[in-house]
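Undergrad: Questions regarding the structure given below will be posed in turn.
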Amino acid sequence: MFANKTEKRNVQNKHKYIDGGKLSKDKDKIDETGSNTEKYIKIDNASKKEIIIFSKNSELIDNKKIKEINENGYNKLKINTHDEFNITKKKMKNSNDNIIYNSPNSKIKVVSNNNFKDRKKGMNHKKKKGISINQITLFKIHNYIYKTFVFLLCLFIVILVLYASIDISQNYGPIIILYIIMLEFGSMLISYILLQFPFFYLILKNMFTRTSNINKYSHQYSPLYYENPSDSDDKDSIDVKRRETKQRRKTFGFFNLNNIDHNKYSIKKNILPTKLKVYNKEESDKYEYGNLNHVLNTNLSNTKSRSADEAENYIIEDTNMNHNGENVNNKSKKGNQPIKIRNHKRENIYLDDCNMWIRNSIKKSRVKGNFNLTRSLSFNIKLSENNVILNDSRNIDNLRIYLNHRSSKYEKKKNQIKPLKLFAYNKYAPLTFSTPYKYNVPSDIFKTNTGESKILSAEISESSNDVNGLLHKNNDKSYSEEKYHLDKRKTDNEFYTGKSAILFSNKHTKQYMRKKTFMYDDLDSLNIYKNKKHNRKNKKKSIFCKIKCFNKIKNILFFFVNYNIKSSKTQNTMLLFFRGLTLYIKHQFIQHLSYEPVWIIAILIRIILWCIVWLWAAGYMTRPPKNYKINAWNMKSIPPLYGYIECTFQWCGVLDYLFGLYFSNNKLKYIFSFFSLIDFITTPVSSFIMNFLWQNDYHQTYWFLILGPLRFLRLVRAESTMSSCFFWLSDVKIIIIGIIILSLAILFTFSGIMYILEAPDIERQFISPLDFVYFGVITMSTVGYGDYTPVTPAGKCLTMFIIVTCFTFVGAQLKRLKEAMFSPKTIMGIIPKPDDDYILILGPVSPIQLLYICKGINNSFPNSVESIFLFTPLPVIIYRYVYGSIIKNTNIKICINGGNECFICPSIIYDAVINARALYILNNVDSEKYTLLNQQIFLASNNFNFNNNDKNQRIRPEDILHNNIINKFTGDKKKTWKFTDIYSEHKNQINKNNMLNLEMNINVNDSHMIREKDDQECILRFIGTYNISNALIPITVQLSNNTYEELIKSMNVYNYISIEELKYALLAKSINCKGLFFLIINFFYKPKAVKSLKKYIIDLRLLMYNNILKKKNHKKINSTNIKIKTFNELSSSHSENKLSDTSSMINYKSKSRVNYKMVKGTKNEFIRNQNYNINSIYYANNDNMHNEQNNNINDDDDAFKMIGCENDDNFLYNSYRNTYGINNNIQHYKSNSSKSFYNNKKSGNYNEGNTSFSKTVGSMNSSQDVPSKNYYNILEKISLNMYYYLEGLKYNIYRFQFPECMRGFLFQTASEYLYQKHGAFLIGIITINKEIFLNPIDYIIGEENKYYYTSAFSGIILTTSLDNLIKLSSIKYISKKVSEYNQRRINERRKRYAKNTVSTDGENGYSKDLGFSEKNNNNYENIEKNKNIDKWQNSIISKQNTSIMHREDNKINKLDKSIEQNTNIYKINDKDNTDNNEDKNSKINKNNSNFKMEIISKKNKLILYNFVLGIYEVDNYVSAYRDIFDDKRKPLLLICGWPDNIHMLLKHLKINIYKTMKYKKKNRIQNGNDEYNNNNDKINRNYRSYGDRMKYNIIILSIHVPKFNYENDLLDFSNNTAFIRGSSMDSTNLIKGGIFYAKRIIILNSNHSLFVDKDAYRIDNEVIIIKNVIYQLYNNIFKNKKIYLEIIKKIFKKEYTDKYINEKIIFDTNIENNNKHDEFQNDSYTSNSDSENKMVNKQKNKINYNIFNVNKNPYIICLIKNSESLEYIDGSINLSYENYNDNEKMNKIWENCGEYIYTFELVSANIFVDEMLHNLVSFSLPISKYAIEYSVIYSLIGININEYSKNVNMFHKNLKLSTGHVLIIPIPSYFYKKPFYRCFFYLLHKKKYLCIGILRYINISPLRNISRKLFILSCPSRTMKIEHYDQAYVIAYNTV
């Protein structure tokens, strides 16, 4: 192409060849005249000469010359335009080097050049290329003709079939439609009954055996009861037995109430006429009267806010209420005193262990799919004397609708309640479970309140003891009045309103903006006609906007236009709409139906029914004897009913044929296939043709009755259909049933055709169809009685064919049956054809992973995969139930071929690889479960005195127990034993079986070797398939270890994943950032088991309700002084603390009033505010609160102290401040002083040994008297947060194609728009090369096209479903308001970068960095990030900038007074910098000498310890801190177990993946001020290089040590990692390992016992036992201080007697430091800056670390291999399937696969199950074009896997691309009780963070101290309220 430039620029000459109309460039040449020219050469094929065209840039050709060129045929010259300039032509000029020939008929000069001969090779290459191009075009033409022919043929067939069908149905009328529906649904009903036969059989069996089983086992248990409480304590009984009454036991139904006249009445009779009156009185009265029914009702909403129809469950009895429902208001008489009425009798609710007796409505609902959850879930109980009613949250109704249950807000018309008015917005209601794209009926219900009923709206409150006064209550105004008042009220000056312009607006403003759209256009460029035309369009648009459904229709149109699973080249909107509509109907409705087993079996049932009908109707056919013509049949005697039946069956056949034609991939092949021809013949087309050929005016001919026997042949393929539908049947049964059906099909087909050809034969009495069926049986069995022989030639030929067929048929089928009975199965399913669209999987894929992959595809990417072909060496039989569950619940066709390793040879799978869409090579991630070598059990002894040189202690193959069992019956001679050898042999046997011997000599049970072997086999398969496919097919490789990572990447594999490395990388990040692995895994998983969820929530609430009743019974017992022998005390010291105040839980030691002396001065109000807790129970268990009381080893250090946030990502142990907290700096000083004060407030004699151990225990008693009202708060919070969690669990991560209207949008604006308008989280972008950039806030969408990037970038988005993603991609219009807002943001960005380029000098290059410049210029980073700002960097920022920052955030500062303290501390840090610089040299010299002495003493001490795989083996926790750990300020990480690949975990803990180069430079400067660092000393730098990068001191507690290999050497971690030998199942070993002092605890799924058993289930059981042992240890020491002291005295004997143990471990010298320490503690806080300077200086001089500070709430992570073990943790998880039959087992496997993810233990992110990573394969691009690669996980956790060249880096720099990672930060207290979207926009604009989740702490039971659970809420809704101490998961903004 020409490159036209301006005249000022000279363009270089480009030598181009013109061949076949295409140009190719050559090297540039310069004309001798000096002018730049462009030269083009064209080959004239006729004359074999060159035609050289010259053009000069500065000259133009006249229009006449252009015309002459066009006339002479040289119009192929390409003209290029640049930025819409006028078209320019180049004037041709000669060259002096060439001989010019002038053509008389042309203006072009033909040139003959001598250099042309040298270019013949190049020209020949061009000719070949031209030939190949011609072949491609020819192939395209052939393909176009073929598609056109197939389309026309299909269209002709469809028209012909439909026309013939309509023609035959004209005689029957519209009633035939009813018959068709009856036949279709009747056959489907029969097929459903057949498919569910095992289920119905089980129901019938249980009906007859249920009563006998109950009576049989009723004596073995006592039922659990729930007491219905009443106010009269004297009538209440604590007896477990039901009181003896004549009435039968009441159930969970509506109980009858006793009114004043003691007459019973029914609720249903009296509630309807009094419902509205009762509700109006309920709102007018301040108190409620009467007694409340004991009803299990979920809608425990607030009595002030429940709807009118909910009053059905709340009956208010009054003396003025008569039976007719007349309610008299006696408020003036009654006053404020409630009326006492007689309470009804106590009712007991029994829960049997095998039955749950409930009311009839719930019993019926169990049979149905849905039932009213509102009346069976939660409870209304009166718990106190003041008639305090426990009310549940309104949001339970939201959960009820999500479970597809009827809402209580809509009743039938007989209830006479008007429907609710729907409002578009309600700030108190959370978002729905439905799609957030458009509001549908459920979402409107969630977001609305009634105006007519005057339902009060109140925010969700915390405890009734709330003294904060921050609750939003609205008790005097209805919602409509409040909403009207809010509209008139002036909006608050929020801190983000100046930045955020994307807010919801009224429709009137939108219409006004639309009317004013064209007022700002340039009227000079438009004529009057266009103006009028635009005005008319504007009027039309405004008219359309008034139509309510216009926007919905418009959105639906855009949705279907963009609903193209395959890209389309057409741009016609109507064609795209119809194509999208057909595809949507195909994939959402018809395809689901066509693949359903019910539909497939229904087709076979209709064929069988037609067989019966044919046998009935054929008997009425008559024909003259010996007249064998087909048209001679007389059908007058056939009943008229048969005509309707025949028409019905023909229409059903037409539908089957058209469905098959529509869904076939190769339609031409389908049309001419055997079975489709049979279907076509039996359609009405044959009747239409026969009627046309043989017209009979006398009677009607039913041609379908003549051709009907051919349809019986459809039963031939019934076996394959039944094998896919009745998958619970064995192969032998399927083959037997298939043989029977095939025989019947051949029999009835042969008999029917013979009847049409030969009947009737009166002489031999073969007249009826059954006679010929008898003849068919005789013929097929080859008996040949001779009573009948065919007469016609056609009959004779058919008989011979049937005889030959039966010979071959019987032998082949019997052989196949024998093989199935006696040979293993190697194929399961139907092998896909080469034309099918399938995905090929190779390798020993475990059945569980296959199930996860298919379920992930079905839930996240429905209809994206048609079939899966699996080649596996594992036995096919183990996939039986998984195969059945996949076929039954998805539309995926699956075929499994395997049973041996030879099935995966490249020669066998060659064809399968070539025709596959994508290839997945997977290894066996569950090798321990499916490998026989790991099932061996070896016994070991406790003797560890092993000597490898002793031959008697070596294990030989014959010494292994397993080998002895195998060789038991061999011919080997038995060993003769002597009496003298008994002792020695016994001793040798013990030594042979000890643990170390097994670890050193046995390779059989080494899991690392097994995984390594599997990886090697996987690599071989990859190499073989790579050579077959030649990288043309995308290949995904999954390995366990990362040994062969470089080899795979060098072979250009499409996707690569190492399961073990990814698992340990997630764990390493989660250690620093709580719960991050669970947050990320939620993005790749979408559970859909609503039934299991419902059951789980019901069971959870029943359990909690049981605790409520127990608590109330305990109160009554204490009040009535009744003693019970079975009363369980919660703790040993319960009686001592029974009357203690709840404030004792808030303050660490409430008895010491000295704690409050430090809260003086200006900080008094602030500290009191931070000590406040909305629920007093929280604080005892929360180590992440703002006033954290845990005395960890890092309590006095700024770096380790993350107040209000467990932001352990930034564990930099230098003296800089908290990274993200608003008020963390002032809390830091407060907490440090308070904690150090706690440590010494009772230490009158500090040198006593017991104080260092006992001072942190204090009053840890877990028992306290908790008010009953707190139970309501817990139930309410759990229900609400489970709802929020399940709502966020719907979000998946997808690849997002940006719509055209978003081109030019700033990424930050686009993410804000998508979240606010559509509820989606846009978190990053991804390129075609899989380069991922998270939170690139300065990236402009579509800007890469300006830099000639070939393909546009895609977005990474979190949304609810694939349909919602398509809706977002189909957005066609964005309001002008948003566009203007986006343009304003872009202009600000450009100005900012312009300023940055001017001031690039003078700041050591840091002003070039984007993040630093934004902090200085735009003040986005305020003083809240003091912790990440270095001391030297603080000095650069001037006081003027700090004052500007302070003024900008004054709105938050007014609400949170911690900012005032932050500014003072900021100044203090500025002063400290100058002081530090003065004393720097003196400190360095002092530190050098101290550090050298430390190294010498450490080397002497390490001689005493063993060296195991690079680290030292120590005795206990104290020895490790004294002799091993370099930096003793780091927190402790305890790792239980030592697997083979633990080096992966330590590697990711060591690598500083969370900091950029900027932070590394800061750390070097900060480390220069550290007392242990000396930059001038080489020994110091080398010795501490690895330790500085590790954030923890690590202790590995294990009884086993893996064998050495070249990867697991831990020498790099020897300075901060120690090893303690011992089993983690022993509590003594755990205490030695420092279990009480560990900040983080990881229990790995390795072997923890003496038995070398690698069985996965046993290892998981050990992990569960260790977890419970740890919990029990903490419970014991929290009960009493003495227990803790006794444990310490017993285990740490020497250390306990050492009275200076802390000083000896941490410091080099003496007691002088203690004086400074005491002086520091005695100071109190004042507002004077001088005292603050003293405080900081004293803190920096000496900080005492107590290594025996007990960490009350360590974060524990347990690794579990198999999810089946979770049943022992949470009994509601049902993962055992052995007690079910085959059909139920398949259903249970599918329903429970991965559904454990919503349980409490998983929500708390305490358990990591390896199965969570199984479905990552389903999230890759070959699966769907909307899939995102799972490599995004590495980007989320901060590991940059992108490798860029210099050019690519420059390209990214030009685009302002940046990437970030996930961090956890505290949420400012300003947002407490405010919606989440406010916090989201604040973090987005002010901090440049993208919030994607919330970490929340919830107490699940107030009766236990250790009951706090974490809630990981991913993708929160807009209206979710922020609570205290919530932390946010954000994607931080970093530059590349």
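Positions of Cβ are set from backbone N, Cα and C atoms, glycine also.
Not measured: the values here are computed from a predicted model.
Straight out of Swiss-Prot:
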COILED    1141-1185  coiled coil
INTRAMEM  772-788  intramembrane segment
TRANSMEM  175-195  transmembrane segment
TRANSMEM  598-618  transmembrane segment
TRANSMEM  643-663  transmembrane segment
TRANSMEM  670-690  transmembrane segment
TRANSMEM  701-721  transmembrane segment
TRANSMEM  734-754  transmembrane segment
TRANSMEM  791-811  transmembrane segment
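Help me see these features in their spatial surroundings.
TA: Along the coiled coil (1141-1185), the predicted structure has mean pLDDT 35.
Remote same-chain partners of the transmembrane segment (175-195), defined as residues 6 or more beyond its termini with a Cβ less than 8 Å from a stretch Cβ, comprise 169, 597-606, 609, 644-645, 647-649, 651-652, 655, 725-726.
Beyond the transmembrane segment (598-618), the same-chain residues lying 6 or more positions past its ends with a Cβ under 8 Å from any Cβ of the stretch are 183-184, 187-188, 190-192, 194-195, 638-639, 642, 645-646, 649, 652, 656, 702, 705, 708-709, 711-712, 714-715, 718, 721-722, 724-725, 748, 752, 755, 769-770.
Listed by sequence, the residues of this chain that lie at least six past the ends of the transmembrane segment (643-663) yet keep a Cβ under 8 A from its Cβ atoms are 154, 157-158, 161-162, 165, 168-169, 171-172, 175-176, 179-180, 183-184, 586, 590-591, 594, 603, 606, 609-610, 613, 617, 670-671, 676, 679-680, 682-684, 687, 700, 702, 704-705, 711.
The list of residues near the transmembrane segment (670-690) in space but at least 6 beyond its ends in sequence, with Cβ under 8 angstroms from a Cβ of it, reads 153-154, 157, 160-161, 163-165, 167-168, 650, 653-654, 656-657, 660-661, 664, 701-704, 707-708, 710-711, 713-714, 716-717.
Counting only same-chain residues 6+ beyond the ends of the transmembrane segment (734-754), those with a CB under 8 A from a CB of the stretch are 611, 614, 618, 708-710, 712-716, 718-719, 722-723, 726, 769, 772-773, 775-777, 779-780, 790, 795, 798-799, 802, 805-806, 809, 813, 816-817, 820.
Remote same-chain residues near the transmembrane segment (791-811) are listed as 628, 742, 746, 750, 753-754, 757-758, 761, 776, 779-782 (criterion: CB distance under 8 Å, separation of at least six residues from the stretch ends).
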